[in-house]
Structure formats: structure tokens, C-alpha cells
Amino acid sequence: MTMSSNYYCALLKLSSQTRNQTQAKKLHCHIIKTLTDPETFLSNNLIITYGKLGNIEYARHVFDQMLQPNLFSWNTILSAYSKRGHLLEMQELFDRIPNQDGVSWNSLISGYASYGSLVEAVKVYRRMLKEGPVNLNRITFSTMLILSSNKGCVDLGRQIHGHIVKFGFLSYVFVGSPLVDMYSKLGLVYDAKRVFDEMTERNVVMYNTMITGLLRSGMVEDSRWLFQGMKERDSVSWTTMITGLTQNGLGREAIEMFREMRLEGLDMDQFTFGSVLTACGGLLALEGGKQIHAYIFRTDYKDNIFVSSALVDMYCKCKSIKSAETVFMRMNFKNVVSWTAMLVGYGQNGYSEEAVRIFRDMQRNGIEPDDFTLGSVISSCANLASLEEGAQFHAHALVSGLISFITVSNALVTLYGKCGSIEDSNRMFNDMKFRDEVSWTALVSAYSQFGDANETIDLFEKMLAQGLKPDGVTFIGVLSACSRAGLVEKGRHYFESMIKEHGITPLPDHYTCMIDLLSRSGRLEEAKTFINKMPFHPDAIGWSTLLSSCRFHGNMEVGKWAAESLLELEPQNPASYILLSSIYAANGKWDNVAQLRRGMRVKGVRKEPGCSWIKYKNIVHIFSADDKSSPFSDRIYSELEKLYCKMRVEGYVPDMSYVLHDVDKSEKMKMLNHHSEKLAIAFGKHLRFGERERLKDDKGENEGGEEADREAESLEKEGQKILQLAEILKWKGVASHDDVVQYAQIKWQTQKLVDDVKIRGWIA
């Protein structure tokens, strides 16, 4: 090898390391100009450089120009095709190699294995065996073991294990580690342990692999024993233990091990920090998380995207949203994990509107959501009961193909259920190709919230018949349904079966459901007895539930007991005062009502005024009782009066007992009629009828008629396009009619088109 070839090879290596393809091409040009017949060694280095830079075309060109390529040349270009997944060219080139060696066969197997072609990889391996054991080496077995592990093929893995023993490769540590890993990943941890124990030589990699397998199987004590027995431990050993302890719910031990690792003076990487921050988040250990954040800030990982995303997640789980936002905003680069961490954090902390906003920001930044991101933002829409935005995300799921992921489908079932669109929830459930426990629970909860007890119970029984295991959330849906329908005995049965048959320990929410079940049906004394037998006292919701039922049934004795218990638990909670006042007011005890109100003033207890809201064209309109702040107030109250006239004709008689003021009947009627929710409904009704005249009002009755007609004609054409698209896709079974409407909302990036088309009655 000449001096110039050696010099060029060093520069080519530098180009590949710095990912500088332009520099590599310049060097190639210089070689062509200065060397009439480049050495094979230099040409091979050019192929390696272009292969690493992903430029297969240039790599092949260099190879084709070689007059006498050696076996290394053939294997180099073969490896380039293999690593890039060019399987047809790889196979064609392999068949042309004059004398294939073990490297050639391994490249071929690796190419098929890396790009998911299990059958072809196994065929090549069997052909290799027929050629004789001469070409078999540790790379061959390592590749086949990794393939068996990734594809979950136990039988194939055992066959490879047999060949390893047969051909004398079991003593190789390089083969032993993937063999241990294969068995542990396939859930055969005892087989992995047997292989580990039989190895005559073990290095730190094998120990780390075995510890990972034990922790993955929940064998924490065994992993600790093995870790403590290691003569040499590296950073990976410590990180493996920290990660495994975190994943097994032992966050405190993980944090303690992180501290020990620091004392050992070992280097920490992004996985170490990510795991210990996850432990802090799981424990809600905000102060510990802040200390680790301060330590990270002094390392090279302060701007690492993986670590920063873990910090955002930790702060969100510790309910420190401002800190999470600060970390998120200072990130120089964000990927889908970073955005999702912030989005999920908003959703979990009750900031659903912010979750939707940040999803929009993510899209504007060109980041495509994954199934987890989309499922999370749909869940936020469900919490907001925002059907319109949720439907748009449904359309996005259809267009992007993410609808096939169960996380997205489950979120949509929940969304439609929480928004009261039970037909869409049911249809979404039926369209799912695969359903898990969460899918069934989502639909059970939807029907429960909808008030259809029979359908809820029927679904629950079908779920059990499918062999699926319900969880605590499922039983909350079933018990709530029984409560609303007054099915006391059925509710008792399910509560007992939850404990005895399914081994679920009741949470406060389950006990609250039972309190509601008994008290709603008027069995207030039974509810009191049930509470006295509970293993713990009810929470505020439980006492409020009982107190509310006492108000409805007029039971002052139990109501007073519930109110006093609630006051003892939460002295500043206005619910106890308000509900007890309701009981007194319903029985005409106005002196007691006045006394309770005086007590509220003295103790500084204040009830926040109730409000209702309605969203129209991305603007939220909020109403409180007797509200006249809206510019549409006159029309709203006029619409409200029309509604009440119709209701009175139908025989509606208002329940005056809900008015907690000692005033005359007409004043009580006014208080009931001007409830915030009724004002919001009247506003929505006004908008619905007002939109029908929008074009006419905007253009005027006597001027601009032609322009209005042109706009109407244009809208009708667009509406017909949507209808045609709907019918075609519906006929093909690709999407439903409503899905096409939702797609149109995204396609035209405007609500105006679809709003107008809906108003004109061209689509539902």
C-alpha cells in the first residue's frame, strides 16, 4: 500500500465519521485525477465510505469499476446492500461471489433478518448448514438468536441452541450473551439461567444480560444477588439495576442505587438519568427530581433530548406543570416523545385545553403524531366533552392510518361516550378489529353514563364471557349503571363479585357507587349502615352523595349526620352547607337556612357561582344564572320564553324545592327559568336558527342577491362533492358518512364550508 493510498484512506474514514458526503465525493474526484489505477485497498475504502453514508449507487459504481475485486470487495458491497435493505440486489450479488465465506453468508442472513424476512433468513441459514460447518461462526449464531428473539420463535431459538452445542460454540461469550438474552426475552428465564450457569467464562456483558432477564421477569432478589456477586461492574450494570427496579415499581430503591452509583464515580448516560427520573415521577418525589435535574445541568446531558423529555414527564407527574413548561420551552430540539410528554402532562393535570393547543403547535412544527400522542389528545377532548374537535382528530386518525392502533380506537370510544354520542361510540367499538379490556371498559362506561343500565350489564356479561378480566374502572361503570336504574340487588351482587371472584380491592370510588346505589333508591338507613361497616371513612364525594340523596328524599336526620361528617372532613367545603340548606328549605325551615348562611359568612366559606358554557366557532360562551352580559341576551331570553310556553303546554311543572330562598312563587319560578344551563341551551338554539338566515342577513334582502346566489351555488357544489365522496367511500367500506364530513373539515382547513353545508341540509 502506497503512502498516498494510506493518506486517502484516513481522509475517507474521517468523512464517514463526520457524515460529510460532499467531502467524500471531492476526495473520490481527487483520487480519479491523481491515480490512474487505484489500489484495491483504496477502492474498498471508497465502497465502505459510500456504504456508511448511505450512497449505494456510488458504492456500486466504484465496485463495478474495479478490475480485480477481491473477496473483501465483494463482502463490502454485499454488506452495504444488506444494511440498507436492498434485498433483491443483495441476493443477486451474493450468488455472483466466486467463493463465499462466513462473512458473505452472515451479511446475507443479517440483511433478511434486519428487514423482517424470517423465512428467507432461515432458508439461507439452512443452505449454509448444508455447505458444511466451515463457514459457521459466532456472528452467524448471534444473528440467528437475535432473529429468534425478535420474532418470538422459541422453537427456532432452541434449534439454534442445539447447533451451538453441536458445533462447539457454547464456550464463546459472544454467543452465550445473545443465547441468555433470547431465552429471557421469550419468557424462559430459567432456561436463560441454566445457560448462564453452564458458561465456563462470563464477562460483564453476560452478567448485565442475565440481570436484565431476571428483572424483566420480576425476579428482583435474584438480580440483586447476581449484581452484588459481580467482580466487575460497569455503568451499564448500574443502569440496568436502576431501570429494572423502576420498572418493577421499586422507585425508592432505584433512587438509592442512583446515589450509590454517583458515589462510585461512574459515568452516567441518558438511560441512567431517564430511568431515575421515571422513578421520581412514579413516587411524586418532586424534591428528589429537582436535585437530579440540578445534577444533570452540570453534565453534558443538559441538552439531551431524551433526558429533557424525561424531565418534562417527571415534572408533569409531580404536578409541577410550570417547571415542565420551563424545561420544554428551553429544549433546542423536540421530537414526538418530547411533545407527547408535555401533552400527556397537561391532560393528566386537568389542562385539557392546553393539551389540545400543544397538539396543534406540534403539527405546526412539522412533527407527525404517533398513536400514543393522538390517543392522548383525543382523551383530552373527551375530558372537555369537545365533540367537534374530537371528531376532527378522528378524521386525522382515518387519514393518517393511526385509526388501526388500539390506543386511538379506545380513546375514540371514550370520547363519543363522554360526549353523549352513544351510537358513534358503539359503532367505533364494532369497527375495531381487535378489542382489549380497555375497549370493553370504555363502552361499558359510555352506556353507564348514557343511563342505559340494561345495555351496560349486558356488555359487562359479554366481556366476562369473552374471558376478559374487568378492572376497577369497569366495575365503577357497572355499579353506576345499577345505581341510576335502581337495581340495588344487582349492584350488591356485582360489588361482592368484584371482591370475591375478581380479587379487586374496592377503592373510595367503588364505595361511593354503593352509597349512591342505596341512597338514590331511598334506602338511606341501609346506606348509613353500609358506611359504618366500611374499612375507612367516605371521602367528600361519598358524603356529598349521601347528603344529596337525603335532600331529594327529605331525610333530615341522616342528612344532618352526613353534613356534619362532611364538615368535619372538609370544613371549607360549601357543599355540606348548600345541601343541608336544601333539606331545610324543602321542609320550610327558613330559620335553619338563615343560620347556616350566617355560619358560612362567619367561617369565610364561599360558594362559587355555577356556570355553563357552549362552544361556537372556537369561542367559548359562558353563562351564569340570570346572566344578561351576552350581546344576544334579548334573543336568548325570548327563545327561553318560547321554550317554557311549549313545556307548560306539555304539562311541565317546576320543582320549587330546589330554590333555597324564602321568596314568593313567581320569583322562585324566575330563578329556575334563568338557570345557567338553560341560558346556554337557549343560546345554542338561537344560533341554530340564526345561521339559517346568515347569508340573507349578511347580503341584505334587496341588494347583493346575485352574489349570495353565487356563494350558495358554490357551497352546494362543494357539498355535493363531499356527498359523492361519502357515498363512494361508504360503498367501499373505507369510511362512514360522518368520517368524510370530518375529513372535509381538515382538507379545507375551515369550519365555514361544513357549517354552511350542514345548515342547508345537504349533509346530516
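Positions of Cβ are set from backbone N, Cα and C atoms, glycine also.
All TrEMBL annotations are machine predictions without curation.
Pulled from TrEMBL, these are the features on record:
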type   : residues : note
DOMAIN : 651-684  : domain 'DYW'
REGION : 694-714  : region 'Disordered'
REPEAT : 70-100   : repeat 'PPR'
REPEAT : 101-135  : repeat 'PPR'
REPEAT : 203-233  : repeat 'PPR'
REPEAT : 234-268  : repeat 'PPR'
REPEAT : 335-369  : repeat 'PPR'
REPEAT : 436-470  : repeat 'PPR'
REPEAT : 471-506  : repeat 'PPR'
Other parts of the chain folded back onto the repeat 'PPR' (471-506), taken as Cβ under 8 Å at six or more residues beyond its ends: 437, 440-441, 444-445, 447-449, 451-454, 456-457, 460, 463, 513-514, 516-518, 520-521, 523
DSSP helix/strand/coil residue counts for the repeat 'PPR' (471-506): 27 helix, 0 strand, 9 coil
Helix, strand and coil totals (DSSP H, G, I; E, B; other) for the repeat 'PPR' (436-470): 27 helix, 0 strand, 8 coil
